[in-house]
Amino acid sequence: MNPQAKLIFALSLTLGTTLTISSNHWIMAWTGLEINTLAILPLISKSHHPRAIEAATKYFLVQAAASALVLFSSMTNAWHTGQWDITQLSHPTSCLILTVALAMKLGLVPFHFWFPEVLQGSSLIVGLLLSTLMKFPPITLLYLTSPSLKPSILMTMAILSAALGGWMGLNQTQTRKILAFSSISHLGWMAIIIAYSPKLALLNFYLYTLMTAAVFLSLNSIKALKLSTLMTTWTKTPSLNAILLLTLLSLAGLPPLTGFLPKWLIIQELTKQEVALAATIIALLSLLGLFFYLRLAYCATITLPPHTTNHMKQWYNTKPTNTMVAVLTTMSLMLLPISPINLAVV
């Protein structure tokens, strides 16, 4: 793909995201979502591999259906209340339809089936965009409409997302699919808290984006698409592999790393809101995610291939690691001490 086309798609993604997160009117928000969808499709299908074309088709169909539901929800609300303002969503049917639409956009259970397949058909960089940037506009809409949405529906979807994201990631061997189920699991944590503390959900999303970007860029640097490839990369970039281990543990939410902060604050807030049972369930379900993060970390740093003679070793990489990877991994590991500032903001 030539640089001019890449620039146009990057600008379109920026425009679509900015339009959605800054709009007050439903039609403008919907326009931004559509621009985003149309800009990412060529990036998904640029390799012309049948799996990439299949991923782009699935993504288009799901996002088109979700956008139609967003439009239908806003029109129903405008028909009954005369309001096109995003924050004035008050009709119960509109609220229910919008919850379904945003769950489809984000990949929350039970509308998650498309996400692992689309991520598997994309490159690691496009997978990073799908897991982070493309989720920002729907999360913003969820943030703006959170007072109108039913907490019980969101909590049910959140617990199911945390459960399925953990269970289905256990037996995966492809790194992109593992990160897709990791994303579904993290979205469960955001969905469970957004009705009670929307700012905390956004903080969780920002920190998740930071850690996921660090993992995706690290895997892209060492070109690891499968666990078997990950086992042989210790000869190529030993220092990056060691840091990847810590970044994965941060994504799992282990203290004293950055990933522990949102989980700690969410469990604290849920306990304050007297939903300690939900807090206990989702905390226990995060152990499933911890298992497959540990497996990824184990493959990357501790284990050797079973038959070393049959595996081609990678040459040691003398090129310096990307500065962006260095900055993101440092932030993924060391932001817990600034938690008093975050508590003041939230």
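Every residue gets a Cβ built from N, Cα and C, even glycine.
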59-81, 243-265 - the range that TrEMBL marks as transmembrane segment:
243-265
Over the domain 'NADH dehydrogenase subunit 2 C-terminal' (290-341), what is the model's mean pLDDT?
75
